[in-house]
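Enquirer: Here's a structure for you.
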Amino acid sequence: MLSAQLEAYLAEINLPATAEQKKQLLDFVGMLNKWNKAYNLTSVRDPEAMLVRHIMDSLVVSPHLQGERFIDVGTGPGLPGIPLAIMNPDKTFVLLDSLGKRIRFQKQVAFELGIHNISSIESRVEAYQPEQKFDGVLSRAFASIHDMLTWCHHLPAEHGQFYALKGLLSDEEMQQIPAGFVVTETIELQVPRLDEQRHLLKIIKE
């Protein structure tokens, strides 16, 4: 049962959730699995794998978020933005992607699941000019750290941070971080049932 697995995984990462939040997370997996058959939103085909590779892989970041206003760049079907929005109703999330089918899916998820703290925008990140800047700029499986910082440099507020979700951290990629940016924290993340390296880099503009 997916619900029992979700309960166990949330307990493992010590993340409390209401019954409504758990239902929304499971319903999101259900919608992702259903839409994926027609729209090819993710290469992960199995709901149990989606729970680990998409939901839990997103939620391990939740305790590290600082601020109220976030943007998830290159969000795809809404990852990590939708799971994080479900678990953080006090924060708002802009989900940015350049593919219309992904944006349509996100909007349907928000409508069906009653998620009121996300807004989905179809745009390339370089072209997106927000009226209000963000406390946090999230990136998961979007681009190299160098490209993320180059393309998203205009998005954080004065004291905002970049949150780069990465797998393996290569010395080469770290050395290519552009001038004017500083890694303030590197956090090793533990995702339940995922025997792969996961890291969160917090980065600020100097």
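Count begins at 1; order follows the chain as displayed.
Using the three backbone atoms N, Cα and C, a Cβ is placed for every residue, glycine included.
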Enquirer: Hey, Swiss-Prot has S-adenosyl-L-methionine bound by GLY74, LEU79, VAL125, GLU126. Any idea which of ARG53, ARG140 it lists too?
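Expert: Record check against Swiss-Prot: S-adenosyl-L-methionine site with GLY74, LEU79, VAL125, GLU126, extra candidate from ARG53, ARG140 is ARG140.
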Enquirer: For GLU126 (S-adenosyl-L-methionine binding site), write down the residues of its own chain that are at least 6 apart in sequence and whose Cβ falls under 8 Å from its Cβ; none is a fine answer.
Expert: TRP151
Enquirer: Using Cβ atoms only, which residues of the same chain lie under 8 Å from LEU79 (S-adenosyl-L-methionine binding site) while being at least 6 residues apart in sequence?
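Expert: Looking at Cβ-Cβ distances below 8 Å from LEU79 (S-adenosyl-L-methionine binding site), excluding near sequence neighbours, one finds HIS54, ASP57, SER58, ASP72, ARG140, ALA141.
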Enquirer: Kindly assign VAL125 (S-adenosyl-L-methionine binding site) to one of the three DSSP-derived states: helix, strand or coil.
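Expert: For VAL125 (S-adenosyl-L-methionine binding site) - judged by DSSP and reduced to three states - the answer is helix.
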Enquirer: For VAL125 (S-adenosyl-L-methionine binding site), which residues of its chain lie six or more apart in sequence with Cβ-Cβ distance below 8 Å?
Expert: VAL73, GLY74, LEU96, SER98, TRP151, CYS152, LEU155
Enquirer: Count the Cβ atoms, other than its own, that fall within 10 Å of the Cβ of GLY74 (S-adenosyl-L-methionine binding site), considering every protein chain shown.
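Expert: A count of 23.
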